[in-house]
Every structure is written in structure tokens, then in C-alpha cells.
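**Student:** Here you go, one structure.
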Amino acid sequence: MPSLSGSDELIFFVNGKKVVVKKPDPEVTLLFYLRRELHLTGTKFACGEGGCGACTVMVSRYSASSKQIRHYPVTACLVPICSLHGAAVTTVEGVGSIRTRVHPVQERLAKCHGTQCGFCSPGMVMSIYTLLRNHPDPTPEQVTEALGGNLCRCTGYRPIVESGKTFCANPTVCQVKRPGRCCLEQEEEEAGSVHTREKMCTKLYDKDEFQPLDPSQEPIFPPELIRMAEDPNKRRLTFQGERTTWLAPATLPDLLELRAEFPQAPLIMGNTTVGPDIKFKGEFHPVFVSPLELPELCVLNSEGDGVTVGSGHSLAQLSDALQSIVSQQPSERTETCRALLNHLRTLAGVQIRSMATLGGHVATRATVSDLNPILAAGKTTIHLVSKEGERQIPLDGAFLEGSPRAGLRPGEIVLSVFIPYSSQWQFVSGLRQAQRQENAMAIVNAGMSVRLEDGSSTIRDLQVFYGGIGPTVLSASRTCGQLVGRQWDDQMLGEACRGILDELRLPPGAKGGQVEFRHTLMLSLLFKFYLRVQRALSKLDPQKFPDIPEEYTSALEEFPIGTPQGTQIFRCVDPHQPPQDPVGHPVMHQAGLKHATGEAAFVDDLPLVSQELFLAVVTSTRAHAKIISIDTGEALALPGVVAVITAEDVPGENNHQGEIFYAQREVVCVGQIVCTVAADTYAHAREAAQKVKVEYEDIEPRIITIEQALEHSSFLSPERKIEQGNVEQAFKHVDQVIEGEVHVEGQEHFYMETQTILAVPRAEDKEMVLHLGTQFPTHVQEFVATALNVPRNRIACHMRRAGGAFGGKVTKPALLGAVAAVAAKKTGRPIRFVLERGDDMLITAGRHPLLGRYKVGFMKSGLIKAVDLEFYINGGCTPDESQLVIEYVVLKSENAYYIPNFRCRGRACKTNLPSNTAFRGFGFPQATVVVEAYMTAVASHCDLLPEEVREMNMYKRPSQTAYRQRFDPEPLRRCWKDCLEHSSFHARKRAAEDFNRQSRWKKRGLAMIPMKYTIGVPVAYYHQAAALVHIYLDGSVLLTHGGCELGQGLHTKMMQVASRELGIPTSYIHLSETSTVTVPNAVFTAGSMGTDINGKAVQNACQTLMARLQPVIRRNPKGKWEEWIKKAFEESISLSATGYFRGFQTNMDWDKERGDAFPYYVYGAACAEVDVDCLSGAHKLLRADIFMDAAFSINPAVDIGQIEGAFVQGMGLYTTEELKYSPKGKLRSQGTNDYKIPTVTEIPEEFHVTLVHSRNPVAIYSSKGLGEAGMFLGSSVISAIWDAVAAARKERKGAESVPETLAVRSPATPEWIRMACVDQFTDMIPRDDPSTFTPWSICVS
């Protein structure tokens, strides 16, 4: 650290108010400062690496040179506060507030039902708001692009995009690029034709209620900042922190002076590389140099032979500049510019593109850089400058590979980059493939350029660069050199492929894995470039250069990023229903406006408590080992550290129901909590946690996979089995028997709000108060009481809302609550425990990986006579919910099909992985994808469509399940029929077959899936519920119940129930929180039964109150509610009532293999259509149609939101979401960089949802629980992918490399799709013997 006399003041504005920081710390981010110092908690912490957009804010800067103000979005978690000198920051609180005025962006997001849990909502608001500040009349494409850097786990994005499109002059952009009318033109017709005897509605909100957007009313940029920017006497700024120094030079000479003095100090512009490296790789820099806003770094000159771009330009600014240049220059001059533009659209999200700079992108030379390969292929040069002078170097292979002779010298900086214009016979392309279309680092990317001799196809110069193949971007220079002088033809392509494989081959166990896939991508991307040049030559001279075959043209078409459209159809409310009765109406989420304004408080938004400490975890780095020692000395010596908590500090039991709070003597998985550190700040706690030294001694066996568990007979529970008919006998009397197995990998919950707990000890009576987001407060209370060795009545758990849960907050908060409570007990001080995203993923695990083995006997007609299923799930190291999950797997495994001879067996395997737990669908999404796999296999063997086999074997009449529960499948048949008809399945299937005949390298697939989904659990006492309703003397009502608001709209529906039962508007009703103090012994909110059971309890309480009020009402029937309440009080009538619902009487006798296991079923059907790129493995979801049996929907907006959100989450399970583990059991997917949930670009271009009416006398108001059912319908997407891949493989049928049966698995990632689409390029890839190397990652299912 330099020796400096003092620190300058940091000046910036937040929401129009001046902020002056006397001693700013360079290590403090804007997110931390907003939340902890300014108490602006609307900006959320969710990932900490700029990958989710929850912390999006708008930064505004004035440029003295251009005299313009620039507004741009940033992720506050990556922005050092020291970089904000002279800037204005706008947070969601500065946009609008319920207390003052709600902004149109916030209002429309809420009223369009674009919020569920609400944790991502402030970031969504800020992304759309920033777009409108720059483009008050945006296009739908701009709305979609603006949201590309924001993640939502609840809604499925459709209503969020729709809210943004309400600001567009023309919000409708038809996605139909094939025969057929626009979906929106058919909307009214569809609504009229579905159940013609019922009136159907298509509008979930009234756009006439929206307040108009008036750009003139937005806050002005602070004049003081303009004066600061134009000050001619600027000087260097120095900010001195606790450990680091920030130096902000005012001039270029000053920058070069600092660079010479501190050559190792990183230059901070956007902090998108250095910031994550500091946080996740433990890097430390005593000095930072930040040359923001230096005019010499912001030059832009497009005159002459190319474009000179200053290194300080953000990637967003670079994109704007290139768009302008491309529009002005002839196309043959802008080959490189257009290639860069194409990549910039999908590189990261808008926030990161607005922060990251061209200079930083070039200088870091990252292997996954999307721009450097293109810049190198385009013969770009770099202008370097230092105190010693200036020089230019080529951005070539030597530079990118890190050659000392070709890189930056000490003291140098990148001043600018020169991108030469291309010539007529030069062709440049950028190509990439990532796990998803946008906001994902490339698996492999490439920059390719060829210069041909004028008028010929002879190669004069060839440049091929690949990222993602080695530690740096690599050049195939040897191969390219050998091809100079050759003709651009098929023979050259074959030699190029062989040469590149030889020159750039990855070792078999290379970091990142996917070796064969990456090798294949190298050739596939080269082939795409080859075709593109062939096509361009034919356009230059059709007589001389033949065009590529018509069926090959699809290889040149990138999947577009469309704007989703769709319809939502539901039953209208009976016109005779009283107007004040909200049941059946699409009512906005009761906290929607609070979500959108950032005023909805989550646990970490609660104000700091006096003497509060922060907790950080130390987790095991071994999968199975003995703990030899824990050395806490160095950690305890650090400033601010109060205590290190271990198993020895647990006053009560350290092991409850098999769950271990703090590891004791041994660890049983990577990620198990060994100890925690309590300190005065989170930064101090985390730093100290990294200093704790744990010595281990490995224990064998180390069991990671299901196969290993089977080998060691390692199980968590006994086998569960159901059987009907005579399976073995039936196999002897069928035409054909097939066998197979399907691996279904796990899934991370990725709730936006990580596990968060505030534990506050009370001085009296050993009481402890916990605030947390959970689905099961009673369970937390039980675990904390056990750990502290106190009665449960001393533990109070308060739960207002959770930022998403999906099953991940049923059991895990109990474990973590006990950990936090023990720390609070030891220190005697409040403990705030907020898991980092990576720690959350590591510790809490997720959906169970599953191995399914099937044996199916069927007739030539496709009729299935016998099925034998074996399921194994990877339960992890402790019981958790694995027993219940495997029971669900077995009970739900028949799905919608009647198989007369059916047997299913299941076991939960014990492994040395973190314990997997409940997840939306509870085993059904894993098990039934195996069922659909064998349905597809049977269809293939019978030369039938899978849909024909499904329909043939579907339940058709009132029946009983394999476990002898009776049901009527009429709604199932109706959903199937309606979906078949209204999705135009057969017409589209024929069109897809025509498309596939005409397209070699892209294939289209369709699939339609039926569903019979169970609601509730087979244990009766888990269906009980209670409520507490108070009526106050002013007529207002306080409602409390035992259910937890997780974003599913439970509180909204409970208010609708209370409103109907009490006959008052919902405005009279307030619902504050769920608490063990008000409603004791409440069961978990899960299994889609929250509304069913809590609604009955609320109804019971309200009916009790209304019965008490009846004498008063009869005497004054025309009186007002307030008058009745006042009179009741005067007559000493109790205005408080508890409500209780005993529950559904379900049971399951596993010894007899029979029972009425579930209260009722939800039925549905979904049709999905996808395009698959056979060369890259990418896929595009074109359309999805969902028909869901909703019975009578209490709130169609909430129910449709649940269906859409579950469908997209299911789609993620089956496509983009891939958990990778090392052979030693370490989770490699720990954050947004490594784990990819769907973004706005993955959802269907056409998304249609119809609620099908039926009757359900079991549930309140004849409704049905719809929180989970849509999850499995996402499997229609993977089934459509299988269909498209089968079409690709059909063209290679008979080839030795193409087995007759496609071995399917989930997820269908780009890797699986590409390698399944076997072709001449996959045939060229060398296969390494698995026994000769250790793989980077393994399949644990």
C-alpha cells in the first residue's frame, strides 16, 4: 500500500440526494453501501457476481466532452463505491414508492402480475426504467434485450415482458414464421371454442387502469455533478481504505505515472473481472487505479481504413458505435464489425455490457472471451502507451496466448483498439455455443477470417481462433498456414478439420470437461463458417461459384431472440356473483406493488439489531473424512471476530432426525458445516472463516454416485413397491419386450433469496426469536429447541415472506436456524446469517438425481401390457426428505397411463453428497420423464408417433390406480383432446416433417404430454391447518394462518376467501406474517395444498365470526359493516376466532401396497415445438400450449402464473440446468456463472395457457392446487428435443456410429443434443479410454 497522508472525499448522488463519504473503502461495493449505510434495501443481494440482475440500479454520468448525460444499468454487487465519484445513482426507491407515487413501470409490473415472490422485482423495474430513460418509446425487442441480464425463478418471465411491452407503441410482434395465423388473432376464437358452454376470458388486467408514462416528470441530473465534470482543475483522487488504496487519475499523464509506480495494480473500469476474482478466487490488491472518464480512453474514429475505439468504451457503447458504422458503411467493409455486433447481443446481460470495457476485455485475454477471437481474426491492432512512449502491436495468436514478447509491458495500458475495415473478398465470422442463448459464457467460441484472391476461391490468408479450448484463446496457425493457396472447397474443409483436431486437441480430463463436445464444436463452427463463405461467394458470382445445397442453408441461420407472445384463457366469473366478491377474479398479488417498489421487506432487509453479529460458515472440503483438528487461532486473532462456534458449543442435541448441525469427529460430504465464525461485519466474518484450518484424514468408501451406492448396498430407507396384475406372466404374452435406463440429473432450487436467518436471543427465560424465510416454521422451532435444549414455547419463528422456495425451504432452514441459534446462544448477541449463493448451493443441495430402469412388454399396435420399473434416487448423506420422495416416485410413476400389469420399486441411496431435499414436484418430474422415455421407445419400435402410443395407453374411464385409489380421468381426456385440437398438433407435426425433409442441419420436433398429478401427501395429519382472525372496532380485519407466502399468492387467495366469507372488500383485510406465536404446530406449505388446507381454516374462522354476528345483522340488515362490528362489541360478542381444518383423510399401506394416498388429482396436457441446431446443440422453443385442469380457479392470474413459472422451471430441469460434481464429490456448479436457469430468451416464442374447468368437491370453492403440476409439463420440451434429434439420426440410419435406440437422458444440454446428432464431424472425434484418465466431472444419477 502506498504511503499517503489522507483520503479525499467521495461525492456522488443517490436518488437525487448528495452523498459525501469522508473515508470511502475501495473494498465496499455499491450494493453493500446502499443496504447497510443508506438503508435502501430495495436493491437485493442474490448472487454477488453480476449474473442475476437482482441488484440492478441505474447510474447516470455527464460527459464534459459530448455534453450529454448517459443513463445505464449496472449490477451494484460489482460496483466499488469509489468508482462512483461524480455519478448519480437511482435505485428502485428513487423511481417510486407507495408512500409517495408509484411509477408507471412499478405499477404495470404489479398489475400485469409480473411479481410472485418479489425478490427479483426491483431489479426488473430498474432494467425497464433505465431502458425508458434512454428510449421512452421502446420496441418489444428492446424490452426483451433490457431484461436479458435479469433472472426470475417464479414467473416464467412472460408477464414481466408483457408489463414492459405496455410502453411500446406496437407491443405485438408476431413470431409466426410458418403457415398459420398469429396467435393473438386467434385469441377470441380460441376463448370462444374452448368449452363452448362456458364464457371464457382472455384478459388478466385492464390496461386502461395504467397511469401514462411522462418522461418530462423524471428527476433531473444534479447540476452540481455537471459542474464537477466540467471543472478544468481536476486532480487525482485518493481513497484510503482499511486494507487498500484507490487512485483515480485526472489526466492521461497522471495515469501513466501511476501505472509506472504501481505496475501490478489492476486498472478498474467496470470491475467485471477483477471484482469476481477478488471475491471468488481470493485475490488481493493493495492498490487499485481507476482511469474512468479520461477523454483519451473514450475516442471513437471511423474514418480511414478502420475504426479506432478507445479502451474506455463499455461494450454497450461499442455496440452502439458499431451499429452506426454498419448502417453507414458498405457491407463488404464491415465484416468484422458485424461479427462483433452479433456476439455483443448475447454477451452477458445489458448490465455487464454497460460496465465492462473494450480495453479490459482485450487486456484480460480470457479463454472464454467472445470478442478477442473475432478481433484477432479481423487483424485488429492494439495501441499501447506508457511513460516510455507509444507502440502498436497486433492482437494476434501470440498476444492472446500470453507470449511475454507479444503482450503488455510493465507500465503499459491499452489506449485504443483499431479494427480495420474488411475488403470485398474477405469474410469474417464470430461463432459461439453456450449452455443457454444469452447471459452465459461460451463453451466454445471462435473468430474466423479468410481472405481469398480477388475473383477466385484461392485462400490468400486464413485465420482461425478458438476460445474455451485451452487456458487462453488459441490460434490454429499451423493448420491455417498449410491451407494458404488451397481452394475453398470440401477437400480443404476435410484437411482443415483433421489439422485443427491434431493441432488443438484437449487432454481427456481437461478442466471444464465436455472434451468430445468441445472438439466437435471446433469442427462444427468451422463448417458453419465454410458454408457461410460458400454462400457469400455464390452471391458475388453465381456463375463461377456454385451455391450450397438448399437443405444446408439452415446451418447459417442463428436462432433469433424473439419477443414472447401468447394467450391466457380462463373461465369468466359468473355474472350473478356479487361485485364485491373477489373469488374467481384475476386479483393482483396482495404485495405486488410493495414488490415492485422494493418496499416488501425480506429477512436481510430488516434493520440492524443492536450488537448484531454476522455469521460465516466453514464447510468441509472432503466428502468422507475424519476431523483430526480445527485450528481457529489465526481466525480469532483477526479484527472484529467475536467467536468461532463448533459442535462443542451446542447446548442440546447436535444430531436431530439424522441431521447434524455442526460436524463432529467426521464429515460425510463436501459442504457440511464444520464451524461458523461470528464477527462485527460480514467481511470480517468471511475473512476469518477462510483462516480456519481443518485437518482431515480420508475415510473409505467415498460414495458419490447411485452406481457406487448400489455397489456398496448403501441405502437410506427400505424399498418401496407397488404392483398390480402379473408382470412376469404378461411379459410372456407380448409381441416385444424392450429394456433401458434413463439418468435424470438433479436441480438446484435457485430461489432468488438465499437462506437467511436473523436469530435474536432474549435475556429472559432462554427465549430465542428467529426471523427467516421458510416453508415450515414449526420444523425450525423444533430443531432450534432441540439444539438449545429448551421447550419449544421458548422459540418464536416469524416468517413474513420468502424470496422463492420451491421445496428448498422446507427442511433446510431448520438445520441452518439451529446453527444460527447456537451462535446467538454462545455469543449472547443477535446473529444475522445470510448464505452466499455458492455456499447456499453447496450446503443445501436440491432435487434428487434419479436412475430409472425399465422393462416394457407391448403389442405391435403399441398397446403396453406390462411394465417393470426400478428407481433409485441419490439421497445424499442424511435422510432429509428422501424416504418421502422415493415413495412419491413409486406412487406417481404410472403418470396418466393404465398398464394392466405394472410393478414399480424404489430405493433412496445414501451417498457422500449434501442431502438432497424436497423440490417442486417431489420426484414426479424425474420419474415420469423415464415413463415418457419408454413411451417414446415403444413408439419407435412400432413405427408410431409417441402421441399415438400415449393416447392408446391413457386412462379412459373411471378406474383405480396401481395402488387401488379410484378416480375419474374425464378431465385428463378433456385436457388431452383440447390440447390436441387447439395446438393444431397434427397439422404442425406434418409441417415439421416437411421442414425436416428440407433442412439438413436444423431439425424441428413436436411432442405432446399428458399428466395426472397428485396433490397433498399420503399422511393425513400433514393436511391439518389453523387460522386466526381478528376484527377490530373500526371494522378492519387482521388475518393470520399457518401457511407461508413463498410467492405463490397464498396470502392473496386467503384474503379473497376471507373477503367472500365476511362479505367485505379485501381493502379491509390485512395479513401480516406467519408465526409460531399466532398459529402453533402448522404443517409445511408444500405439496400444492397451501390454499386447500389454509383456505378451509380461514373459511372456518370467518364463518364462526359471521355466525356470531348474525343476530346483530338480522336486527339491522341494511347496516354497514362498521356498525355491525361496533354493535357486536357493545353486546360483548367475541370478534376474534380461530379456524381449524382437520385435513383430508389420506393413507397408504405399504405392506398391502394400497391406499387412498392423495386427496385428488390435477390433470393436464402440454404440447411443445422446438428447433434443434444439429451442429451446435442449441435448441429454440418455438411454442408451448398448456391445458390445465384448474377446476374453479380462485385467482386465475395467480394460477396461470404458477403454471407458467413451473413450466419454465421444468424446462430448465430438462434442458439448461446442469449440476456438475467432481469425482471426489465437490459441487462445481456454484453460482450464476456455472449454473444456468432459463432466462427471458429461453421461454417459448408463443406461450398459450388455458385453464380447463372441472369440479372438485374436496377443496375449497371447488378449486385445485396448481403450484407444482406445471413442472412436469416442461418435459414436453425435452420430448420435443428427442423428436428433433431422432429426425437428425434418421438421416444417418444404418451408419455404424448410430445405435438403433437413442439413449436419452436429462437434461438435454447442448452437449447431449450435439453428440446425439451424429454426423461426419462426430465420427472424426477421437475417443479416449475412460480408464486412462480422471474425468473433470461425473454423473451422480
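Keep in mind that glycine also has a Cβ here, set from the backbone N, Cα and C atoms.
Here the structure is a predicted model, which means the values were calculated and not measured.
Checked Swiss-Prot, it gives:
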- 8-95: domain '2Fe-2S ferredoxin-type' (DOMAIN)
- Gln116, Cys154, Ala805, Phe806, Leu1046, Gly1087, Ser1088, Met1089, Gly1090, Gln1202, Leu1266: Mo-molybdopterin binding site (BINDING)
- Cys117, Cys120, Cys152, Cys154: [2Fe-2S] cluster 2 binding site (BINDING)
- 239-424: domain 'FAD-binding PCMH-type' (DOMAIN)
- Glu1268: active site, proton acceptor (ACT_SITE)
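Have a look at these and tell me how they're positioned relative to everything else.
**Tutor:** For Leu1046 (Mo-molybdopterin binding site), other Cβ atoms within 10 Å of its Cβ number 28.
Cβ neighbours of Cys117 ([2Fe-2S] cluster 2 binding site) (same chain, under 8 Å, six or more residues apart in sequence): Arg153, Cys154, His595, Tyr751, Met752, Glu753, Arg801, Ala802, Gly803, Gly804, Ala805, Leu1046, Gly1047.
For the recorded site, Glu1268 (active site, proton acceptor), the DSSP three-state label reads coil. Counting only same-chain residues six or more apart in sequence, the Cβ atoms lying under 8 angstroms from the Cβ of Glu1268 (active site, proton acceptor) belong to Arg920, Gly921, Phe922, Phe924, Tyr1013, Gly1087, Ser1088, Ala1206.
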**Student:** Across the domain 'FAD-binding PCMH-type' (239-424), what does the pLDDT come to on average, as a whole number?
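**Tutor:** The predicted confidence over the domain 'FAD-binding PCMH-type' (239-424), as a mean pLDDT, is 94.
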**Student:** Could you state the whole-number distance in Å separating the C-alpha atoms of Cys120 ([2Fe-2S] cluster 2 binding site) and Gly1090 (Mo-molybdopterin binding site)?
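**Tutor:** Rounded to a whole number, the Cα-Cα distance is 23 Å.
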**Student:** Within the chain of Leu1266 (Mo-molybdopterin binding site), which residues six or more apart in sequence place their C-beta under 8 angstroms from its C-beta?
**Tutor:** Ser1088, Val1162, Met1188, Ala1190, Asp1199, Gln1202, Ile1203
**Student:** Around Ser1088 (Mo-molybdopterin binding site), how many other CB atoms lie within 10 A of its CB?
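**Tutor:** Ser1088 (Mo-molybdopterin binding site): 24 neighbouring Cβ atoms within 10 Å.
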**Student:** Kindly assign Gly1090 (Mo-molybdopterin binding site) to one of the three DSSP-derived states: helix, strand or coil.
**Tutor:** helix
**Student:** Between the Cα atoms of Gln116 (Mo-molybdopterin binding site) and Cys152 ([2Fe-2S] cluster 2 binding site), what distance do you get, rounded to the nearest Å?
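**Tutor:** Cα to Cα, Gln116 (Mo-molybdopterin binding site) and Cys152 ([2Fe-2S] cluster 2 binding site) are separated by 9 Å.
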**Student:** Starting from the [2Fe-2S] cluster 2 site formed by Cys117, Cys120, Cys152, Cys154, give every other residue of that chain whose CB sits within 8 Å of the mean position of their CB atoms, in sequence order.
**Tutor:** Thr115, Gln116, Gly118, Phe119, Ser121, Arg153, Thr155, Met752, Gly803, Gly804, Gly1047, Gly1205
**Student:** Provide the three-state DSSP residue tally for the domain '2Fe-2S ferredoxin-type' (8-95): helix first, then strand, then coil.
**Tutor:** 19 helix, 31 strand, 38 coil
**Student:** If I take the alpha carbons of Gly1090 (Mo-molybdopterin binding site) and Cys152 ([2Fe-2S] cluster 2 binding site), what is the distance between them in whole Å?
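**Tutor:** Approximately 22 Å lies between the Cα of Gly1090 (Mo-molybdopterin binding site) and that of Cys152 ([2Fe-2S] cluster 2 binding site).
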**Student:** For Cys154 ([2Fe-2S] cluster 2 binding site), what is the secondary structure state per DSSP, taken as helix, strand or coil?
**Tutor:** coil
